[in-house]
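Features of the protein shown, as given by Swiss-Prot:
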- 1-27: topological domain 'Extracellular' (TOPO_DOM)
- Asn5: N-linked glycosylation site (CARBOHYD)
- 28-48: transmembrane segment (TRANSMEM)
- 49-57: topological domain 'Cytoplasmic' (TOPO_DOM)
- 58-78: transmembrane segment (TRANSMEM)
- 79-97: topological domain 'Extracellular' (TOPO_DOM)
- Cys97-Cys189: disulfide bond (DISULFID)
- 98-118: transmembrane segment (TRANSMEM)
- 119-143: topological domain 'Cytoplasmic' (TOPO_DOM)
- 144-164: transmembrane segment (TRANSMEM)
- 165-200: topological domain 'Extracellular' (TOPO_DOM)
- 201-221: transmembrane segment (TRANSMEM)
- 222-244: topological domain 'Cytoplasmic' (TOPO_DOM)
- 245-265: transmembrane segment (TRANSMEM)
- 266-271: topological domain 'Extracellular' (TOPO_DOM)
- 272-292: transmembrane segment (TRANSMEM)
- 293-313: topological domain 'Cytoplasmic' (TOPO_DOM)
Amino acid sequence: MSWANESITGEFVLLGFSDQPWLEFPLFVVFLTSYIVTIFGNLNIILVSHLDPKLHTPMYFFLTNLSVIDLCYITCTVPQMLVNLRSIRKVISFGGCVVQLFMFLALGATECVLLPVMSFDRFVAICRPLHYSVIMHQRLCLQLAAVSWIIGFGNSVWLSILTLQLPRCGHYVIDHFLCEVPALLKLSCVDVTANEAELFFVSVFFHLTPLSLILTSYAFIARAILKIQSAEGRQKAFGTCSSHLIVVSLFYGTALSVYFLPPSPHSKNRRKMVPLFYGIIAPMLNPLIYTLRNKEVKDAFKRLIKRVFLSKN
């Protein structure tokens, strides 16, 4: 009997770190702070990119998509986590668990596809600067963004169905902070070897394949930067890519450590903490990285502030 047939209105217990209650208040403060900073930082990028004509370029169009992903990413997990950290009953409804599972998978896969798209944009800008406006035209940008979202959500539909159709035989205690596939597979009372193999295949496809494309793009970018004669030109070219490289390292580095590092005595806690990093900390750091390391964004934000104050006066 599937999850849906067993309990549509039931609840699931999210253990989190309930065996270490002294961690709950510090984690509540950290997650609440991260949530506020993430909301403000990503909304800032979305508004500035939309309102400032100088940022109406493919690079900032894709950055806006990344900010939307990060906003949704953190919103589908953190509010429920904050409630559970301050509650005696650490539960999530069946419907809430399904939504959280679906969105977490969809947004993670979408970001996996979008990051190599952003590296392709940087590749064209630096390696084919004279043809940039011809290659990265508006229609192509819209198509690339749409494909990223479609692939991400399509993958989520498939994995969610495969996970939710498994019988759980009355098991309802999830040893995690959130409803994630590996944690949910442990609730099943049947052999899940095939599901684990499918999850591994999907992880390889959505992590190693995009990462290989990104590294290939940056190999060509690095070669092109080294050919630039002026130090100022090299610095400017490197500056446009360094923020994206940091974001890529944070996202793929932590995600890969979950699925590809061999099991260890600390694997249980690692599987809990790493999703928190790429699902909460990374969305908070992304706008900070792009804002603090990007002169165009900082200048655009200053112009926006001036416009707001001038309009009030």
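Backbone N, Cα and C define each Cβ position, glycine as well.
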Best-contacting stretch, by C-beta pairs under 8 Å, relative to the transmembrane segment (201-221) and drawn from 28-48, 58-78, 98-118, 144-164, 272-292: 98-118
Winner by Cβ pairs under 8 Å against the transmembrane segment (98-118), considering only 28-48, 58-78, 144-164, 272-292: 144-164
Contact ranking winner - 28-48, 58-78, 144-164 against the transmembrane segment (272-292), Cβ under 8 Å: 28-48
Beyond the flanks of the topological domain 'Cytoplasmic' (222-244) by 6 or more, those residues with Cβ under 8 Å of it: 59, 115, 118-119, 122, 125-127, 289-290, 293-295
Tertiary contacts of the topological domain 'Cytoplasmic' (49-57) (same chain, 6+ residues out, Cβ under 8 Å): 63-64, 296-297, 300, 303-304
